[in-house]
Structures are given as structure tokens and as C-alpha cells.
Amino acid sequence: GRGRGREREREREREREDMKQADAHTQLLESSELKETKSYRWSSVIAPFLFPALGGLLYGYDIGATSSASLSLESSSLSGTNWYDLSSLQIGLVESGSLYGALIGSLLAFTLADFLGRRRELISAAAFYILGAGLQAGASSFVFLLTGRLVYGLGIGMAMHGAPMYIAETCPEEIRGTLVSMKEGLIVLGMLLGYLTGYLTVDTVGGWRITYGVGAPIAVVVAVGMWWLPSSPRWLLLRACKGKADMKVSQEKAMAALRRLRGKEIEEHAISSQVEETLQSLQSVHDEASFLEIFEGSSLKALIIGGGLVLFQQITGQPSVLYYAASIFQSAGFSAASDATRVSVILGFFKLLMTLFAVWKVDKLGRRPLLIGGVSGLICALFLLALYYAFAQGASALAVVALLLYVGSYQVSFGPISWLMVSEIFPLRTRGRALSIAVLLNFASNAVVTFAFSPLKELLGTAGTFLMFGIIGVVALLFVIFKVPETKGLSLEEIEAKLSA
């Protein structure tokens with residue numbers, strides 16, 4: 001009887017242990033679910049994304065606005081000036097003036113970005129946007145107009161450096177890909193807004209002043225929004241690790257910034273844990289990274305990946321293919337092709353739709369699948385365009401399909417993913433300067449492709465030029481397959497560790 005009693009007691013003890021383990025497991029699951037649901041609130045994510053991304057929208061707006069403004073400027077009846085008789089060189093300077101300003105802005109970002117921080121850099125970019133838009137809208141001479149174009153470009157260079165950094169460093173890693181890619185969506189939305197504004201004002205005397213002036217109030221919204229937002233927590237901690245700020249004060253500021261960025265309902269231990277994780281990744285940072293350090297170790301590996309992506313983004317023909325959009329639509333018999341601004345609006349809508357598709361899928365499929373699939377489609381489109389101009393100019397439908405395939409493929413691959421990867425992969429210690437180099441390379445290669453297109457077309461012919469871009473596309477695809485890592489779902493610290501391995 002005693003033996004059976006002891007056995008029953010042991011069984012009851014085992015049952016109690018099993019119940020304890022079950023309760024502990026349940027609590028763990030509930031804690032995990034709570035952590036997942038409380039890691040951020042969407043309502044708190046919108047502002048830290050939207051205000052920096054509007055800096056990208058103003059870049060896209062300039063592209064769209066200039067396409068119609070240049071037509072208005074050349075018209076004796078619509079320019080509203082007595083200096084409308086611009087040479088082809090002067091028109092070229094107007095169209096590319098902001099690009100030269102962006103190159104200078106990129107150099108400024110290289111020098112000042114880590115000192116200013118992401119927030120103040122974007123406020124500075126907004127100030128350049130406001131001043132540049134005002135100079136353009138009120139230009140009394142070609143020199144003033146060109147000055148305005150250059151000043152506006154300074155804003156582009158700094159915004160395209162600061163915006164992806166701020167978004168990547170402040171948003172939750174679960175949706176980082178979606179948000180940074182959505183920034184590209186706002187660039188395309190800006191293009192569309194520029195095309196629409198140009199379309200509405202192209203028949204108005206002095207309409208180009210209105211078109212350029214619209215950028216100013218949007219830039220005011222950026223400035224006010226960034227003034228209200230907190231600094232990047234990672235930048236605050238980086239400054240402390242470099243001995244340029246008090247560590248305790250910086251930790252408190254970083255935690256306060258994270259509370260604002262994640263929402264008041266987020267638990268305090270989650271905030272403390274994230275600050276501690278970032279600090280651990282910065283333990284080796286004691287002073288300012290030297291210029292040569294960018295070209296060493298994991299920084300060099302990241303620079304090859306990021307630089308390669310933004311370079312191939314341009315030298316696969318992106319600035320040039322759209323040059324033929326109007327003639328391709330016209331050959332297909334579309335009435336909209338009689339008006340270049342309407343064609344631009346059509347393509348703007350299509351680019352926006354394809355960008356939204358990339359935004360929807362980037363954190364589900366990952367970066368590499370979109371890059372590989374998109375670049376493959378881009379290559380097919382370039383070879384089809386080469387075939388069309390070489391042998392099949394009667395088959396206008398082929399050209400339209402190829403053009404749409406190119407635009408769609410670009411917008412799900414190089415368009416958003418290049419900027420996303422560039423914002424993710426650089427080590428925090430060298431991120432500011434390394435990203436400046438990537439942005440500078442992007443604008444420089446854009447300028448080279450834009451100005452080399454006409455000589456290349458004359459040397460190789462239209463078909464030969466598109467064939468050359470297609471071959472470069474094949475090289476780009478091999479680069480993506482063998483060099484570009486997957487970063488989906490990884491924190492910036494985990495990406496840095498992955499590249500250091």
C-alpha cells in the first residue's frame with residue numbers, strides 16, 4: 001500500500017511539473033506574441049517615413065517638371081520672357097543643372113553628413129529646395145534660372161543621402177524594406193506630379209514658373225516635419241561612442257527618440273534592449289572613420305555591392321530608354337503620343353504601379369528575387385528594342401511591349417531595391433561617408449549616360465546602343481547573382497555582421 005502511495009505521489013509530482021512547463025511555454029508564447037505585436041505601431045511609423053521620403057518626392061518632381069518647363073521656356077509665346085531664344089547648350093544646362101547641383105550636394109554630404117546627423121541634413125536639404133524653387137520661379141534671367149537649378153540640386157544631393165539613412169535607421173527591421181522601397185515610390189509619385197503640373201501649365205504664359213514654384217511649399221512641409229521628428233537613435237549613440245557627446249545623455253536621448261518612433265505603448269524593456277544592441281555593435285567605434293577605412297574590410301565589400309547597384313542602375317540605359325517613349329507610342333498609333341507631356345503621364349502612372357508592386361513584395365519575397373527577376377526582364381526588353389530598331393520597325397506593338405517591360409522591370413528591381421540595399425549594407429562606422437560615395441556615383445553615372453547617349457547613338461546606331469545596354473544588363477545580372485546578399489528581415493547590426501564574416 002505504501003509503495004502504491006509513493007507511486008501515486010510521484011505521478012502527481014510529474015503532473016505538476018508538466019503543468020508548470022506547459023504554463024511556462026504558454027507564457028513564453030504570449031511574451032513572444034506581445035513582443036511581436038508591440039515592436040512598433042503603424043501610426044508611429046508614418047511620420048518618420050513620410051517627411052524624409054518627401055525629400056525624394058521633390059527629386060522626382062524636378063525630373064517631371066523639367067520635361068515640360070523646358071518646352072515652355074523655348075516658346076516665344078509661352079515663356080513670358082525676352083530671353084526665350086535659348087541655345088541647345090543652354091537648354092541642356094537647364095535640364096541637367098539640378099544634376100550638377102546634386103553632385104555638389106553629394107560632396108557636401110560626404111563632408112558634413114556625420115556632423116549634421118540625418119535629421120539636420122534633411123532640414124538643410126529642405127532649405128536648399130525652398131531657395132532653389134524660389135529662384136527658379138522668380139528668375140529674371142537665364143543666369144538666375146541656372147543658379148536656381150543648381151541650388152535646388154544641392155537639396156537633391158543631400159536629401160537622397162539623408163532620407164534613406166534616416167528611414168533605415170529609425171524604422172523597424174520587419175518593414176524596413178517596405179518603407180525604404182516606398183521612398184522610391186514617392187520619387188516616382190513626384191515624377192508623376194511634375195508631369196501632371198507641367199501638363200496643366202504647359203499652355204500658360206510663364207507656366208514654367210508655376211511648375212518650378214510648386215516645389216517650395218512641399219519643401220516647407222519637409223522642413224517642419226524634420227524639425228519636429230527626433231534624431232536617429234543610432235546617430236546619437238554613434239556620436240557618443242566617438243567621444244563627441246556624453247554617453248549617458250546620448251543613451252537617454254536615444255531611448256526618448258525610440259519611444260517617439262515606436263509609439264508610447266511599446267514596453268520599456270524593448271527600448272532598452274534595442275539601445276543596448278546598437279551600443280554593442282558600436283563598441284569598436286572610438287573615433288572618426290578615416291577616408292581609407294571606407295575601402296577596407298566589410299566597408300569595401302559593402303561599397304562594391306552598393307556602388308555596383310547604383311552604377312548598373314544607370315548604365316543599363318535608364319535615362320536613355322525613356323527618351324524614345326514618345327516616338328514609340330506615336331508609331332503604335334496612340335493619340336496621346338501627339339503630346340509628349342501626356343505620354344510622360346501615362347508612363348508615370350505605370351512606373352508608380354510597378355513600384356507599388358515592389359513595395360508590396362520586397363519584405364515578403366526578399367531583395368534578391370526581385371533584383372534577379374527584374375534585371376532579367378530588363379535585359380529581355382533591351383534586346384527586344386534592339387531587334388525592333390534593327391529589323392522590325394513596322395512591328396510597333398513589339399516596341400510598346402518592350403518599353404513597358406523595361407519600365408516595369410526597372411521599377412521592381414534597380415529602381416527601389418538599389419536605394420534600399422545602399423541604405424542597409426554599410427557598417428554604421430562608415431555609413432555616412434560610404435553612402436555619400438554611392439550617391440555621388442549614382443548622379444555621376446546618370447550624367448555620363450545622359451550626355452554620352454547621343455554620341456553613342458551616332459556611333460553605334462539606335463539598335464547597337466540598345467544592344468550594348470542589354471549586354472551591360474547581362475553583366476549586371478551576374479553581379480547581382482554572385483555579389484548581392486539577401487538582407488530581408490535582418491537588423492542593420494545583423495547585416496553588418498553578415499558582411500564581416
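All residue numbers here begin at 1 and follow the chain in the order shown.
Cβ coordinates come from backbone N, Cα and C, glycine included.
Note that the structure is a prediction, hence the values are computed from the model and not measured.
These come from TrEMBL:
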COMPBIAS  1-23  compositional bias 'Basic and acidic residues'
REGION    1-24  region 'Disordered'
TRANSMEM  42-61  transmembrane segment
DOMAIN    48-488  domain 'Major facilitator superfamily (MFS) profile'
TRANSMEM  97-116  transmembrane segment
TRANSMEM  123-144  transmembrane segment
TRANSMEM  180-198  transmembrane segment
TRANSMEM  210-229  transmembrane segment
TRANSMEM  343-362  transmembrane segment
TRANSMEM  369-391  transmembrane segment
TRANSMEM  397-422  transmembrane segment
TRANSMEM  434-453  transmembrane segment
TRANSMEM  459-482  transmembrane segment
Tally Cβ pairs under 8 Å between the transmembrane segment (123-144) and each listed stretch (97-116, 210-229, 343-362, 369-391, 459-482), then give the stretch with the top tally.
-> 210-229
Looking at the stretches 42-61, 180-198, 397-422, 459-482, which one shares the most CB pairs under 8 Å with the transmembrane segment (210-229)?
-> 42-61
Can we call the transmembrane segment (459-482) and the transmembrane segment (369-391) in contact, meaning three or more C-beta pairs below 8 angstroms at a sequence separation of 6+?
-> yes
Output the single range from 42-61, 97-116, 343-362, 369-391, 434-453 maximising the number of Cβ pairs under 8 Å to the transmembrane segment (180-198).
-> 42-61
So, does the transmembrane segment (97-116) come close enough to the transmembrane segment (434-453) to give 3+ Cβ pairs below 8 Å, pairs being at least 6 apart in sequence?
-> yes
Determine the mean pLDDT over the domain 'Major facilitator superfamily (MFS) profile' (48-488), rounding to the nearest whole number.
-> 86
